[in-house]
Structure formats: C-alpha cells, structure tokens
Amino acid sequence: MATMEENFPRGGIQKKNTEGKTPNPKLERDNLFDVHHEEKSQKRKRNQRDQGKQKKFKADKTLAAKDSVLNIEPLTIEALCEGMLLLGCIKEVSDYELVISLPNGLSGFVPVTQISDAYSKMLSKQVAQGEILEDLNSLMDMYSPGTLVRCIVTSVEKSADGRRSIKLSIDPKKVNKGLNASALTSGMLLSGFVSSVEDHGYLIDIGVSGTHAFLPRQKAQNYIKAVKRGPDLKIGQNLNCVIAEAKNEGRVVRLSVDQSEIAASLATERQNWTLSNLLPGLVVKARVLKVAPLGIKLNFLSSFTGIVDFMHMDPEKSMNYSPDQVVKACILSIHPTSKVVRLTLRQAFLHPGGSPNQLSSDRMGAVVEESAVKAFYKQFGAIFELDDGTLAFARLKHLSKTRKSFKPGAFKTGCKHKCRIIDYSLMDEMCIVSLKYQIIEARFLQYQDIHTGDVVQGKVFALKPIGMQVKVTDGIKGLVPSMHLANGILKQPEKYNIGDEVRCRVLECNPAGKKLILTLKKSLVQSKLPVLANYEDAKPGVITHGFVVCAREFGCIVKFYNDVKGLVPKNELSSEPIPCPDKVFHEGQVVKVMVLKCEPQQERLLLSFRLSSKTAPEDKKECPPKKKREMKYQIGEMVDVKVLKKKDNGLEVSILEDEGNVIASIPTGHLSDFVATCKLLWHCLQEGDVLPRVMCLSDKGEHIMLSRKSAVISAVQEEQVVRSFSEIQPGMLLTGYVRNVMPFGVFVEFPFGVTGLAPKVSMSDKFVTDTKDHFVVGQTVIARVMSIDEEKQRVLLNLKVSECSSGDSAAESFALLSQYFKEMKEIRNLLRRRGEPSMAQGLCELVPGRELQLVVQDVKEDGSALFSGSCVTGLTVTATRYHLGDKNIVPGEKTKALVLHVDALTSKVYVSLREELLKQRAKQQLKENSQHSAIVQHIAEEFAVVSLETGQLAAIPTATHFNDTFHFDSEKLKVGQIISATLKVVKMNDHGVLLAVQGPAKKNVFVRVRNESETALEEMLAVVKHSLSLGDIVTGTVKSVKPTHVTVAIDDKLTGSIHASRILDEVPIGSFPTYTLKAGQKVTARVIGGRDVNTHRYLPITHPHFTQSIPELSIRPSEIEGKVTAVLNLKEDSALKKLGLYTVGQTVTCFVKKYNILKNWLEVEVAPDIRGRVPHLLLSLNTKVLKHPEKSFKNGQAISATVTGTDVTETNLCLSLTGIQSLEQGTITVGMVTKVTPHIGLTIALPGGKTGKVSLFHLNDTYMENPLGDFKVGKIVRCYILSSEHGKIQLSLRQSRLNPKSNNKVEDVEITCVKDVKKGQLVRGYVKSITQSGVFFGLSTSILGRILFQNVSPYFVQKHSLYEKYLPEGKLLTAKVLGVNGKEKHIELSLLPEDTGMPSVLPEYLGLPRYGAEEEKREANDREKREELKLKTKRRRGKSESEQEAKPKKRKICPADENDSGIEVYYREEVDDDQEEEAAKKKSKVRKPGEAPRLQVSVGFTWDEDVNAMDIPVLSQREESSESEEEEDPQAKLKKQTKKEKELEKQKKEKELCKLEAALMDPSRQPQSADDFDRLVLSSPNSSILWLQYMAFHLQATEIEKARAVAERALKTICFREEQEKLNVWVALLNLENMYGTAETLMKVFERAVQYNEPLKVFQHLCDIYANSEKYKQAEEVYHTMLKRFRQEKSVWLKYASFLLKQGQTEATHRLLERALKALPTKEHVDAISRFAQLEFHFGDSEHAKALFESTLSSYPKRTDIWSIYMDIMIKHGSQKEVRDIFERVIHLSLAPKKMKFFFKRYLDYEKKFGTTDSVLAVKRAALEYVETKSSLADT
C-alpha cells in the first residue's frame, strides 16, 4: 500500500519513511522524479484506507524545505525496464549487432534480428537459400557510428558474473507501437526503415499497422547524396522522416527526409502527442518549472512534465536557467509504467538528424593527473572537471579499488584526483573516467593499445572446442585456438583450468572487429627473433619463427603474425630430399625459416628451412641459363613431346626438337577437350611415351605450358583468337578454357593470356544454383564477349549455349562425338603400341557389339550381376538388372553377353544379356542421314550407346555443345528410353559403334527445340543420287503441308519441296496457298531448282552437287505448261543478284513466315530463295494491329507488300505493308513513343527510322492537368505531321488534326502566332517559369505570355518562393489577355479572379494582405496614387469595405438616372460591386438564391435574432463615397456650380442629416449597417449575442472575411472573465469555418479555441458541429481524440455513445461501454452503465437496455436511484406487466423503511393512475404486511 501511496500521491501531507529504515532505493528514486500529476484530494477514502498505517509514519517537520529541493538523479541500469523508450547513439557497428550508447553512460546492443521486419525476412531468406542475396546489405553498409536512433528495451539480462546487459530493438513496430494510423498528422517526426525499393520511391516501415508510408524517389535524392552510401537507399536502412502528408485517416502517409525539414521539426500540441505515444528524439518547446542544483523540471506540450538531469543541461548555460524560461529540449527517454519523461538541453540533440560530438582518438586512454570533483552522488558516482575544462564522470565502482576502501569524504567538491579516460559516452558528450589504480597503470585499455607480437598476461575464463578464451583486461578478451595451446598439439587441453594465469603472445589483433588471437606456444612466446607482421617486413635473408599450417607433397605453408603466410617449396625443406613432407612436418609445428623472396603486392612469400646457404640452389635441370631460353617458343607453335614425369596436376615433358633440354608441362585439364578423356589419358600415359602435335600455350621464360586441346589448337591455327585486350570486340566468339570456378561466375582464359569473367546469370540458359555443377576447371568452352571495360581491362563473357552455338546443333554435337572417338582411337593405338599382353591389351580388343562367353560370378541385391571369363581377366564385367532381361541367372552359370561399353579408366566392362541385342540379324546396308528409332542401352560420360531396330549399336552425343554441360534429371536420357536418331557414320569402325545424332523425336520423347535453319527439310530421308534436271516434270504425293512450303515424295527415296509462291499463278491476298494441298494428294510438278542438304542454300540445278540436293518444284499451271524460268539457274552467289532484280516501290506478293517479337519485325518469304522483313511501324496504319501484330498476321498468309530496299546484310528485302511513307507536312502516320520528357512533350519513332517531337500543346484538343500521364514508352499513336524542316519533324496528336471531319469541340484552339491572340480573350496554358519580372506562361510551342506579379493574385506576396510552390512548372491555368504588342511579340496576361472568373491561384487561407487593403491613411494615399495610374487599363475594387463604412455621413452616390460626370468613377465602381454580388449569388445557387446558410450555435441562442429583418426602411442606400474621394476625382472640379445650385445642395444635405439623426434616435430601430452594430457593441462589449448578430449581418451579404474579422474583434474585446460569452463566439467561429472555410482553417481555429477555453467544452462543441453538418467521419475522429485525452471524463463516453446510437451503431456502443468501464474509476461504473442503458432506451435496443439495468441491479440491489430510473423508463416505454413486476421486486427488498415507504407510495400512485380498484387494494395490503413484519421483528 505504501508503494501505491509513494507512486501515486493523493494530495495532503507526504509521508516520510520511519527513521532507522533505509528506504528501498527504487522507490526513493521513483519519488525523486517529482513528476506527479496531482489529483484532487480524496480525504474520505484515504482516511478509511490508511487509518491502520498512520502510526508507522512520523509527521515531517522539514517537509516544506524538503519539497523545495528537487533531487533528480541520473538514469541507472536498475531503472530500466522492458518497453522503456530511449534515444541512443550508435557507438560501434559489427556484422551481427549495433552497440548503442545510451544516456547517463549506459550502453546496450541491438541484435541484427531487431533492425526491422523487412531486414529480418531477408536474413531468413538468405539463411534458407544458403547463398548471399545481392540486395541484402550488411549493417556496416547501412549504419555508421554517431547516428542517433530510437530504441526500446527488449530485456535486461544478468550474466553469470553479475553484469547486466541491455538488449535493445530499433524495430519501428516496437518503437512506434504507441502510435496508430489515426494519430498520424503532418509534421510528426518518426523513425522508419526502408522496407522495399520501388520504381518511384521507397516503402518505409514506420511500424504503424494499417499505414502505408511512402517516400518519393526525387524527395530522397538530396539525402542520398548527403549520406554518400551509394546511389540508392537500402532495405533495412534507418531514416528520420517527417510526415509531409497523411491521407485516409493515416492509412496512406507521404514522408520527407529533407535534412533541413527534419532539423527544423518540432513536436507541437497540434500533433496530438500523448504520454502513450510520445517518442524519444522529439524536439519540444518547454517551460522551466523548477530549477535545482542537479537538474531541472520542465513542462512541455502544454500538459506534460519532464526532468533534465545535470548531465543533460546545456554546458554553455550551465545553471543560468530560471523558472518560466522557455527552452528547446529533446526527449531522451520515456518510462512505460511511471511515464517519467527525461529530456536533454544539449545543443547537439536539438536538431533532429544531427549527431553528438565525438572524442578525439588520442584522448581515449589518456591519464589526467589532476581532475577536480564537481559533484558527488551516493547512488551514481562523481562528476569531474578534466584538465581541458570538459566534464567527465566516474561510476561508483570506478572510484575505489573495492567497496570497502571507498571513502566518501575524498569526493567533496573541489577535491583533486588522478584518473584515466576509459570510455566516452556519446549520449552525454562526456568522458567516462576511472580512478582505480590498476586501470590507470594498465598497459592495455582497449584493443587499439595491443600490437601484434606483444606478450600479454591473461586469465583463462572459458575452454571451448575451438580453443581457450583468455581475459587480458576487463574489456579485452582473446582466443587461443586449440592449435596454439602448446608447441605440439595438446591431446588433453584439460591441463588448463578456468582462472589460471597464462602468458601469451598476440598473433593477430583487429580492433575494429574486437578480435584478438593469441598463442601459448612457448617457442613463439619466448622467441627473440624479429616479428613478421606484414609482407613488407619480409626482406630476403630475414630469419624468424613461424608455425606450419599445411604440409603437402609440394612443400610446407608456414604462417606468421597477422595472417602472413609463405611457402617452403619441397626442395627447400631440407638439404636431403624429403619424399613425403606431410610425414616429416605436422600442423602447428614451430619452425625457424629464412625468407628467400617476397612480393608484397601479390602477398607471395618464398621461404626456406635451409638456413645455412643464403641463396636458393640452382637445379640445372630446372633452371637452364636464361639467355639461351629467351622466349624461344612462340604461342601456337606445334611440338612433339616426351613424358618425363607424371605429377598430380599434369605431366612434366621434354620437347623433342630441343633434344629434351627444354622442360615444359601439360596440366591434366589440357590433355583433351573432354574432361573424361583427360583423366583417362593421364592414367594411360607412362614415362617415356611420346605425344605428337602439342601446342605451346604460354612461355614465361622459366615455365612453358603446353596444351593438347584440339578446339583451342584449331582456334589458334585459324587465327580465331585475340592476342591482346585491345583486339577484343563485343560479340566475338572465342575458344578458351575454364581458369577458375567461383560462386559468382566462371573465369575463362584464352590463348595469349587474355582472361574474362562469365557472371552467374550468363553461364547457362538454365537456372544456375551452384556454379560448380556447370563447369570444372580446365574444361574447354566457347565464349561470346558481352562487354569490355577499357579502364579496368575487364571482359564480361556469355557461356549460354543459345548465344555461343552456330545454330546447327546437330552438326556441332556430331563434331564433338567424332572428336571424342578420334581421341579414344589414339589412346587405343597408344596402348596397342606398348604391345603388353596385359589388361590394357585386353581393353583394346573389347569393343561395343562384341559377343562374349561369360560365367556368372555373383548376383547383387539390386538385381545387377558380375561376370568373369578368360577374355576379361582382371576386368570388372557387370550387367544391370535391365540388361539381364527376363533371365533368372545363378552364380556359376555360363551365358552369352554383348559388350555395350568399356570404361578403360575404371577397367569396367558393361554387358547386356537381352535377347533383342544378342539375336543374329542379317546386316542391313544403312544409309547416312537416315532416321531410325533407337533404344538407349547405356549412358557414359560423353555419349550414350543406343541400339537400332536393325540390331546394330550406335553412339549418340549427350552434349550438343562444349558449354552444354548441365542437364536437369528430367532432360537426361534414361536406359530403355526410345529416341529418334539420325545416322552420320554408317561404316563399321574400330569403335564398334555407328555414330549418330539425336534426331527429331517421335513418340513421348523429349522434343528438342529446333533452330530456324533446321527447317522441315530435316525430315527428308537420305538424299539419293538422282538424275533430275531443270524442267523435268515429276509426279509425287504430298507428304506434309507447312505454312510456307509443301514436301512431296517423288518416289520411295526422293523428296522435293514446293514453295508457297509456286502453287498458284494468281495468289488472292489474304489466302493460304499451301493449305490448298492436302497430305496424300497426288501432284504433278516441274523441277525449277534445288537446295543443298546441309546448308539449305538454294542451288541451280546445273550445280555439280545438285545430285546431293533437294529438288525445288513448282505446280503453277503457267510454269508446268510454259517454259521453265531460269530464275533459280544462277551461280552460287545468286541471292545477292536476285535481290537486285527488285526495285524500290515495286509491289510483291509474299508469305508470312513469322513475327519476330525480339527484333520487332515480320519475317516473310517472297520466293523459295528470297526472304524479306517488314518493320513493326510499316505493318499497318491501324494502331490496334500494331499493338498486337502477332495476332494479325497468320503464318503462310499471302500479303501484298511494297519494296523499300534491301537490308544491311543484303540477304533480305526491306518491305512495307503501308506503301512508301512520305513524311511530308499534312500527312497522317503512325509512330511509337520512345521518350516522355516532363513539361516538354514526347519523342516518337516514325516509320523509316525517323523521329519526331510532339509538344505539350499538341497532345490533345483539351489541355489537361497532367498531359503526359496517358503516354508511356512503347505506346502506339497516330500522328499528324505539322512540319518537316531541316530534318526536324514536328507532330500533332490533336483529334482535330487526325479526324478533321469529326466536328468535336476544340476547347483549347491552336495558337500559332501572336495574331491569334486577341485582347480580352481567355486563354489556357502551362506555367513555364517564374523570374524576377513575372510569371512566364506557355500558350503554344513557340509563344510565351508574361503575367506581372500584381496580375497573378489579389494578394501582396513578399516571398517569391510562394509563387513557385503554388505555380509549379507545368501547372495548367486560365489567363486573360490584357494586351498584345504585335511588333515585339509581347503578350501581357492576368490571372486575377475578377479577370478569369477562376479562384485565386494563391489560396485565401494563407492570410496574405490584399493589394489596397491597408487600414492607415498613409497607405491609403499611396494606393490611391496607384489606382489613378490603373484607372485607364482596368478598374479594380479599391477601397476596402471597412473604410467605406467608417464614414457613412459624408457619402454620396450618383443615381442610375443622373449623368453627373463628377462622380462617374464611383458609379462605375458600384456596377462592379453589383457584378460581384451577382457572381456570389450564382455560386450559392444550391442554397436559397442570394442567401448564405445560417450558422448554428448550440449555446442557447440562435443566429437569427431578427437580424434578417432587413426590410425596415434603411438609411438612403446611396451614401457611399467620401469627401476625400470627391476631391480626388479630377472631373469633379471641371464643372463650376452656380450659387443657386450650391444653395440647393446645402439644403438637401441639411434634410438628409435631420432624417439620419431622427432615425438614430428611434429606440425601436433595428441595426441596419455595420456602423449601427459598431455602436451597439461599444455600448455592450461583453454581449456575445450582439457580436453574433453582427457576424450574421456580414454573412447575409456573404462577406465571410468580415464575419471572421468581427469574431476576432469580439474575442479581443470581451472581458476575459466572461468565459461563457467568449466560448459562444469561439463556437460561432467554428461554425463559420465549418460552413465557409476549409478543413485547415477550421483546425487552426479549433487549436486556438482549445488553448483559450476549457478544452473539453471546445471538443464537445466541435463534435456537435460536425454531427449537425453530417460530417460523421470527422466527428468520429474528434471523439477518438477525446477518448484518449479525456478518458477519465464520463461525459465524453456518454456523448460518444449517444452519437453512435444516433448513427444506428448499436454494436459499436456495446464495445464502447466495455472500453469506458476499463477507463473510468470503479465508483463511476454503476452510473455509467445506467446512463448507457438510458441512451439505449431512447435511441437503440430497448432489450439490451433492460439487460443492462437488470445486470446492474442484480449486482447492486440496494441502489435505489437505479431502481427509480429503471421504473421511470419502464413506465414510459414498457408494458404494465413489466412495470408491475419491477414494483413487486422492489417492495420485497430489505431496504430502509424510509426508502420502502417511497417505493410503496410510487407503486400506489401508479396503480391509482393505470390500475383497477383491486390492484390498488393489493398494494395497500402489501404495505400493511410489510409494516406488520417490521413491527413484529422490533418486538422480538
């Protein structure tokens, strides 16, 4: 209870703890905050509760003194709790966390998972995929130390050693959890994170659910440039953003990150901050409440209190603060439960987006000899002033060695101490110091103090599998890897215990990553030799200690300090040769080495264990004299070599030409183009073998590298190589080999040393998951150059088969297969030459297709079998389950088998026992290129063995290209699969198999996509020698019909082709000639030429190879009967000459082949050997056709086209379907938008490759606000050519140009010259620019008009930036032409509302002064002078109304029937007035004509208190102009008046004055003018009703501004004590703004009203105003704000409930009641429920209301007030039965007699009124019974 009292004091005397007991420090601190919101005294309750406890406390005599001292202590870690919001500053950034500096020297950390949702999702995705995501940036990339961030405490964890660590989160969902969408308003400063990057900007996560925050890209550009972290914002990046605009109740928010806006942002009351959603980092204006020596108490945002501790007072001002002073402060922290707000006054935090001052690096760790104590706090520590005048603080534990040795007396103000700076608190801009002796004397304080090679003492604090963790000092921990625990490898690291002191040496120290690697190896710790910590120190001859990290056959790798490592080659390991270094040297062994050579740039280091000799020995064999060998072998030179030695990575060979003196090497990967063959050849070769024709690949003087790759050799010999980087051109195809395979791509090397990179995306046509699955080092590849970077000398390559193949995949795959078998034959010959009767010989004899007699040795579980036999000794013979067929074999059984494949590398033979393969068949004569159905029998690495239907075996390649290395499982061939194969080699050979390629598939087989060149002619069977000659007539059967040709079988063996152009003499356009023939139909045709089988090139029939060609036929009647044309009978280069036969403009009939989507053209065929292309824009003039050309043109369709020329390659005709386009003035054509330039127009591509421009003024006949919005790049449009001069084409898209007959109304007529513009005309156009001389306004492409600033708006503007804001470039406006100067081509325009009839371009609510609205005479005179000048051009309403009203007696006006020139000007002005009134009347047509709507005030009076009784005789309506004006008018003086006239005038004036005085004397007279009201309000200044009538008077004349002015006058005039009167005016003003103003002006008035009145009343009035004007949505919003702000007010809940019920939202009301009961104090609950129930009876569900009453009464049966209300309501609304039931229940309650009497009386009255005599008697009887029972009880 005491805790409750302490935390929530309830007025009265504060209690003091009993003496002798130390109070709980936490409670004490909470109390010290002294930020309690005092509640009203609740004496009665307190007395009841605390009577028993009063004895525990003594009265505090010194209370007054205590209370005046404000004790504010800094924040401590104990005070932190989960959910606390803090402002922090990033101190360090590592890969997995941010270290945050918190206020008062605390620090916490943010794990990488607590950054933001979007960033965490990307991290999870990366972990799941197991590969690095490109767009996932590390924390290092996004955060830098010194950045301020908002954090929330997620937990405070205690470690085993009692230390507490603060875990934080900067996730906006947690930090901003107090905010909801409806609370968001413009100007709020929030922290957000980039959650995704879109085309036009960024989606920002601000942690508010249901809100989408967007940051436009252009708004972020300046920020991106300023932070210099790349060209784009990154996902997960933290931003300080200001809400620029909130729409749809905060569901859509536009943000700004403009640094100037953020720095200037202030949190204000307008932004509706509450204690539940207040955020750290907000800058507020605060008022000092109390100043104490150690802190300040502030009041901010009108109702919140906060504290500033001494560390956060501005050091400049120090203690110069006084109560009521206004200061700027920044919120540092908000406690979630006690709601204590801490602030800072330090300058660095008062501009959001800034960062605190840093400490210079040399100061860290400095020892300060004398620092003076400034202050000391028991709970916290001491503040010191350092030698440079800056402040520092030390926590309690750092003031003495132990708690016991601490002497508080030594820390009085002014005492001097020696201390050391151990850290710097960014959030306090203070150093943290320590007075501990061991820290001041310590050698190392931070990682930066430790250097590689230092020997350090430490203490073991953990033993882990990876090694031992050693604590060097409090803040420095290091790791001794398990390899470094001793000189050797420790098998039992248990020799060390936790707590042991150890002496180690620093191997590596990385202060940035806080990484320290130590060694315990004695030899290293005690070594006196130099420390090798970088490659630069490794001078040849230096001897030092290192340790072995790797020993292999090539030598040892030795490591030193800082990860410096070097190689000891095999020959330097010892003076004696060491065959197996890995057996002599072990990992971790400490060795003494000498540096032989070092290349620091390459980080290469050559070492030796042979310390005696200073230089490396020269091996004569390896290093012959250099002069003899200066680049002797040219790259590309062919040599024969002899194998000297086989090494793991290749062969060491000697070149035979040099009698074996020159040593070279062939890496294993360079033995062949095929990876499998490389391994096999290396395996088969022996020392002494000779390899002929090997090519020199590189000769670096000492080291020659050779290659046996046939593809590389042929590329060099055919000069298809690049010798240097400068020769490379994009698009080249180069043959090379894989140098390295990395996760991001493949490095490919080419002969002559050029290297390029094929990135992952360009490696394969398939998706690349792992690069290693696709390529291996050394593999031959063909690469296409994509791009080159001259500066960095980088080449980017493409290895996709689709890009690198020639297009004829059949030929390519066959070439690979032939080469493979050729190399296999060479290996066989090599083995045969050896003549060994060994296993190798046996392998040579075994070829696929050979039958063997075998014995079954074993049958395995998987169904496969092993065999043995005399012919296969030493080999493994196996048959898979499939190849055993249906045979059940047993071990020992003899059987016949057929060899399928022999794998020489593994000595395996694969055989088959299947009947269909062993069956003897008559050998058939097979033909080349014949097609067969084949069954896959075995799959090897480079090829698959298939069996043909004839029983023979054939090999087909598994790859179609060198780069075709990866196949998905679904693509791979399977044993037993049926495929189609085309034979290529039909002669039997040494390989035992025929060679074939996989042909077009037939049934359920994987269909290969065929290239264009492989047209349907591939279906031809083997071409037979034939004797056809030109002109022969043949008959045949149609075999197949394709869109552009038909294949015909002439006889069994010969096939011909008929082109679509050779079927009909007259081809109807749009028909499909080939479809006139049907498959199986007999035709008679004539031979007109032939086509080459392989290249499909058209050949004349006389060509020597015609016999190897396909006859080209014609069935045209004219060609069959007449002479055969010799069109095709030309020499081989006929195609080029034939194209020359076509002339530009000629019309041809062609046949659609296909629409090429990539190139955007239609491919057609004109004749069998002539093709053509139609560019996209020449396909049609119909835009619908151009949008989807592929749908409009069907393959094989005949179309008519016009020849426009031949294309660049001269192999195709260029055609057009729209004729030859003449782009002359006046023609209409089609085009495609290629560029959209804001505020300028469009660039359009036209047919024929030309481009044209369309200006903004030619896009449409009606100008639009966003004219370019409908146009996107790629849109097809019809255009009219306006002009075509000097190659520049101007276009128009106006409908009036494109369809002149349509007669549609042209709203904005074209303006071509100044003559088209007439004075007084209204024109529309776009703002071009704003300069000092005015606004320039585009009226057409070539014509600009100027608007002077005084003609832009009726307001006077000082800042020109306002014009730029409201008149941005490209804004569409209407202007009036004031004048046209034809000679100088100047056009003067006006945007004034009275000229254009449009609203003013600068809105009224900006509150700018009007031109000529000055109140003072001086200004009036100035204006009058200006007016004189302007009278000639345009008369504007000059005098403000208020001036005219101020002098009613002297006014005069000319009646309509008089023509007195003297006052002509005023007469004209009066007409102007009338026009304006007319305009106002027109605008308000919706309401009653000419009448403004009435404002409504809900404070007991109405607006129309006879104010509209305007038909009472008024003072003559003609007293208008004043004398001064009369004098001013020059015309008045022209006419001399006669004496008589003067006399008459005088008499007239006298009469008028008499009339006026009489009228004014009349007491019953209603006020008729502003002057009348002025007099009335002077007499009764505090009467709100008069002021409201005055406002209504102005509103009747729709003078809104004047009504506002009256309201403002009233607020200044009414006495401040008259609160209700003032409130009435405020409410009227709110009503006025609601009806006539904008939402912004209404909110401005409302905010002011809240400041000057009781806020609750103003809120309630605003709700009523909204509800009455049916603005229910806005009313809802205000109610929501009220519920937050006045949650303890019952009236608010009830008002909202009644609002909801009137809306019919009963369900919402039920939910509201639940919320109300949670918010309201318990004692209010019963009353609230009953009031809700009453409202339900009136507006909602009466049944629910009854239920509420019943439940309340069942809980509180003795609440007679509730019973009474229930009765009253039921009597009104319920049935008699229900009412009687209630009465019956009440009279049986056991209440006090007095109350019972009251109820009986009510019951009796009710029965008398509504009941019968019986019922009345029944009540009386009941009353008697009650009295009797009471009296009997009394007796007993």
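Cβ atoms are placed via backbone N, Cα and C, with glycine included.
Among the features that TrEMBL reports, compositional bias 'Basic and acidic residues' is placed at 26-41 (among others).
If you look up TrEMBL, you'll see 48-59 (among others) marked as compositional bias 'Basic and acidic residues'.
Annotation comment: TrEMBL describes 1413-1431 (among others) as compositional bias 'Basic and acidic residues'.
The domain 'S1 motif' annotation in TrEMBL covers 83-171 (among others).
The domain 'S1 motif' feature in TrEMBL is assigned to 187-258 (among others). When averaged over the domain 'S1 motif' (187-258), pLDDT in the model lands at 84.
What TrEMBL records for 281-346 (among others) is domain 'S1 motif'. Each residue in the domain 'S1 motif' (281-346) gets a DSSP state, and the totals come to 3 helix, 35 strand, 28 coil.
The feature domain 'S1 motif' is assigned by TrEMBL to 453-521 (among others). As a summary of secondary structure, the domain 'S1 motif' (453-521) carries 6 helix, 38 strand, 25 coil according to DSSP.
According to TrEMBL, the domain 'S1 motif' annotation covers 541-610 (among others).
Per TrEMBL, the feature domain 'S1 motif' maps to 731-800 (among others).
Residues annotated as domain 'S1 motif' in TrEMBL: 1031-1104 (among others). Across the domain 'S1 motif' (1031-1104), DSSP classifies residues as 7 helix, 32 strand, 35 coil.
Feature annotation from TrEMBL assigns domain 'S1 motif' to 1145-1218 (among others).
Residues annotated as domain 'S1 motif' in TrEMBL: 1226-1294 (among others).
The domain 'S1 motif' annotation in TrEMBL covers 1320-1392 (among others).
If you look up TrEMBL, you'll see 1-59 (among others) marked as region 'Disordered'.
The feature region 'Disordered' is assigned by TrEMBL to 1413-1491 (among others).
The region 'Disordered' annotation in TrEMBL covers 1516-1547 (among others).
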Going by DSSP assignments with H, G and I as helix and E and B as strand, what are the residue counts for the domain 'S1 motif' (731-800)? 9 helix, 35 strand, 26 coil
Does the structure show the domain 'S1 motif' (1145-1218) and the domain 'S1 motif' (1320-1392) touching, where I'm treating 3 or more Cβ pairs under 8 angstroms (sequence separation 6 or more) as a contact? no
